[in-house]
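**Student:** The annotation signal peptide is assigned in Swiss-Prot to 1-22 on the grounds of sequence analysis. Among the features that Swiss-Prot reports, repeat 'RLWRNWE 1' is placed at 34-40. The repeat 'RLWRNWE 2' annotation in Swiss-Prot covers 61-67 and rests on a curator's inference. Summarising the annotation, Swiss-Prot assigns repeat 'RLWRNWE 3' to 86-92. As annotated by Swiss-Prot, pyrrolidone carboxylic acid applies to Gln95. If you look up Swiss-Prot, you'll see 107-113 marked as repeat 'RLWRNWE 4'.
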Amino acid sequence: MKTNCEFPLLCLLIVLVANVEGEVEDNELKMVKRLWRNWEDPEQRQLLDQEAEQEKQREKRLWRNWEDLELRQLLNEFAENQREKRLWRNWERRQVANEDDGEKPKELWRNWEDLKRRQVGRFE
């Protein structure tokens, strides 16, 4: 079990209090004692600090990757919506050009916009 404690005195106190109350197993107490010895040893403390820093960097990298993925998904969704709107505008223009009565394409366009609004409302 790999554990690292930023506040070894606090960790030791918590485990000791829990041990007095009988809530800590021997191996957990041994782990805390080992952590405390490592904390007292400058080389071990430096290794623990490096491991903690590497873990923080890894978490930052994972977070950035997740944010990048989320942004790409939003951009793709936006691009798809823009593409749909462009297709419908082009379709509407062709309908208006082909028909004498320009109300029907406008009504279809309004129906399509209402449908999209209802779909968005359903997912929010």
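Positions of Cβ are set from backbone N, Cα and C atoms, glycine also.
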**Student:** Go through the chain and flag residues at least 6 beyond the ends of the repeat 'RLWRNWE 3' (86-92) whose CB is under 8 A from any CB in it; none is fine as an answer.
**Tutor:** 105-106, 108-109, 112
**Student:** Residue list, the repeat 'RLWRNWE 4' (107-113) vs rest of chain: Cβ under 8 Å, 6 or more residues beyond ends.
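**Tutor:** Distant contacts of the repeat 'RLWRNWE 4' (107-113): 88, 92, 95.
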**Student:** Using DSSP, how many residues in the repeat 'RLWRNWE 4' (107-113) fall into helix, strand and coil?
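**Tutor:** Across the repeat 'RLWRNWE 4' (107-113), the residues distribute as 7 helix, 0 strand, 0 coil.
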**Student:** Including all protein chains shown, what's the count of other C-beta atoms within 10 A of the C-beta of the residue listed as 'pyrrolidone carboxylic acid'?
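**Tutor:** Excluding its own Cβ, the residue listed as 'pyrrolidone carboxylic acid' sees 16 Cβ atoms within 10 Å.
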**Student:** Note the mean pLDDT of the repeat 'RLWRNWE 4' (107-113), expressed as a whole number.
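**Tutor:** For the repeat 'RLWRNWE 4' (107-113), the model's average pLDDT rounds to 82.
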